Amino acid sequence: MEADSRLVLPLAAIFTAFFVAPLVVLLLLSLHGDIAMQGWTLHNYVKFFTDPFSYSILIDTLLLGVKATLVCLLFGYPIAWLCARAGARWQSVLVFLVILPILTSVVVRTFSWIVILGRQGLLNQVVMGLGLSNEPLRLLYTEVGVVMVLAQVQMPLMVLPILTVLSKLDPNLADASRVLGAGEWRTFFRVTLPLSLPGIIAGCILTYAASITAFVTQTLIGGARLIYMPLNIYQQAVGANNWPFAAALSIIFMITVMIVVGVLGAIGRRSEIHGRA
Amino acid sequence: MTASRSHRLRLEAITHRFGASTAVRDINLDIAGGELVALLGPSGCGKSTLLRIISGFIRQTEGRVLFDDSVVDALSPAERGVGIVFQNYALFPHMSVGENVAYGLQAHKWPRERIGKRVAEMLDLVHMGEFASRKPRELSGGQQQRVALARCLAIDPKVLLLDEPFGALDKNLRLDMQIEVKRLQRQSGITTILVTHDQEEALSMADRIAVMSRGHIEQVSTPTGIYDTPQTLFVNEFVGTTNVLRGEFIEGPAVRLEHGPILPVGPDKAFQQGRAVVVSIRPEQLRFRPAPSDGAFAAVITTVLPLGAQVVYDVALTGGPSLKIAEPRDAEGGLRPVGATVYLAPASPAACNVFPAS
Ligand SMILES: Nc1ncnc2c1ncn2[C@@H]1O[C@H](COP(=O)(O)OP(=O)(O)OP(=O)(O)O)[C@@H](O)[C@H]1O
Ligand SMILES: [Mg+2]
């Protein structure tokens, strides 16, 4: 026991130095009154919650995460399901395609999305070429565009946990369901889906956390008029040079994210207890 | 109750290939309503494949499956009305025992009130009534198996398929569950196929046994028929233990063994003169003789194994191979000593099975 705890000490020291300490600095910074950084006050927090503009950005950001996560789940679950069902060779091809976004630089892949989504972009050429619309769709610098790109970019974070759970599912369970008279749909909704809930929750937590903090994607695709928390913090700190307010925003953002992730995690743990054989 | 629920099952010339490899080959089996047939064979011989063909999960490459007199090949597993107990039971882990049993009834669109009654009735049948609200993980192996049985019997299947259902149970519990399953099977009169690679299980439970080897059926017979009159050397060696001696077939009928002596065999054995054959004698069909007499082999005892009610001796024939011989242990419990010279002979010529040498 003693030897164990001593082994942990260096790790704990590193953790304190590089993670806890900056947070403490951030917290202290946020309690300074103004740009001059004099005195102690809750002024920055009061300002945030009394300024509709500030907190509407937080709400927008949290909702953006929800939308991106839902779209990601909508496409990610079927992809994971196909991967789990595919033969070994197809499975590796599909998994490679899914993780491809992780393997390219954020900036590069975001710019290629700009090329796709723009007024003269690939997508609009296809849509107009097919005669689905007479005017180019507005996707770049809109939330729809941001959600689309986030969903694509975070796809691996959704697909991989679900795929892991699905491929560990006992195939006899689906067989048992079918032989008891259930069709494909009943088998899916009553057996496969509930048992893959732990993977869905894990995928949602990862996708959600990654989507709301995706500074580059949000900013490049969303443009200057769509402001989310990461950009807001950046503008306060670097643009307005108001470090205490930026620090307060960071703390508030962090805590709300922790609450969301905590709630999802609690649901996940419950479903896991239910699902364990 | 029995007759109405008993359905006949027929397999006609079933062959199945996975790509280039043949998993089962030309299987013919006719199972009467209410009969319990064991599929017995070593790992990989195609037992599970055959079970999956009967249940409709895989469509055989050739041949037909008939329930009563109708071909079911085009029917899905759901439509065939078979019940399966999987080796790992495959209970739905996120549902309670009661919900597991109700699952098939819901899928069959039973009205809600009747489902409740039926679930209670089925759980009582397997003595699991008080566990209805438990989750499968809170049950022991034997209890899980009872639930799996109740779940598949609830929908009143035409045929019950058991894929190595006792493999995961320890020895005592296994015997209890074998008796229990046999009781339920008799009581419901349901036609049943039991897949197993445990010969004792097949011998004790089945009305008939189909011994399989490398994808085809070697012999179908009653347990005693399989044990006493095996038709192939494979069946003889796979079911029970036996001694195998090589030799050549001669007039008599008899077999001249490789190491010299001549062994008379039953008059029903007919082979060409000089044909290379193997003779198989079960250990309990060998007898000790008090003195070197006609047709008795001299041997030296090398190992003594007192196995409860009987004693098995390993003996080395003079100038020949080793044999096993079993003898009931007498009340005094006197054992023959290691190193003693003994004389032994088959109980009768009919006790020797003769097969062509491969
Ligand atoms: N899906 C499949 N694809 C290819 N080959 C298969 C498949 N399923 C089974 N086989 C092959 O068919 C043969 C029979 O397999 P099967 O599972 O029926 O054996 P088994 O008698 O049930 O063995 P065990 O006692 O180990 O369960 C084996 O050689 C196996 O490798
Ligand atoms: Mg098998």
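Any Cβ shown, glycine's included, is placed from N, Cα and C.
Owing to the predicted nature of the structure, the values given are computational and were not obtained by experimental measurement.
Marked as domain 'ABC transmembrane type-1' by TrEMBL: A:58-264.
According to TrEMBL, the transmembrane segment annotation covers A:7-33 (among others).
Long-range contacts of the transmembrane segment (A:53-81) within the same chain: residues 47, 94, 98, 143, 146-148, 150-151, 154-155, 157-160, 162-163, 166, 192, 196, 199-200, 203-204, 207-209, 211-212, 218, 227-230, 232, 249, 252-253, 256, 260, each at least 6 residues beyond the stretch ends and with a Cβ under 8 Å from a Cβ of the stretch. What TrEMBL lists as transmembrane segment is A:53-81 (among others).
Marked as transmembrane segment by TrEMBL: A:93-119 (among others).
Annotated transmembrane segment per TrEMBL: A:139-166 (among others), in sequence order.
Per TrEMBL, the feature transmembrane segment maps to A:187-210 (among others). A Cβ distance under 8 Å defines the sequence-distant neighbours of the transmembrane segment (A:187-210), meaning residues of its chain 6+ beyond its ends; these are 65-66, 68-69, 72-73, 76-77, 80-81, 154, 157-166, 169, 173-174, 177-178, 257, 260-261, 264-265, 267-268, 271-272, 274-275.
Taken from TrEMBL, the feature transmembrane segment applies to A:245-267 (among others).
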**OP:** May I ask which of the stretches A:93-119, A:139-166, A:245-267 has the most CB pairs under 8 A with the transmembrane segment (A:7-33)?
**Re:** A:245-267
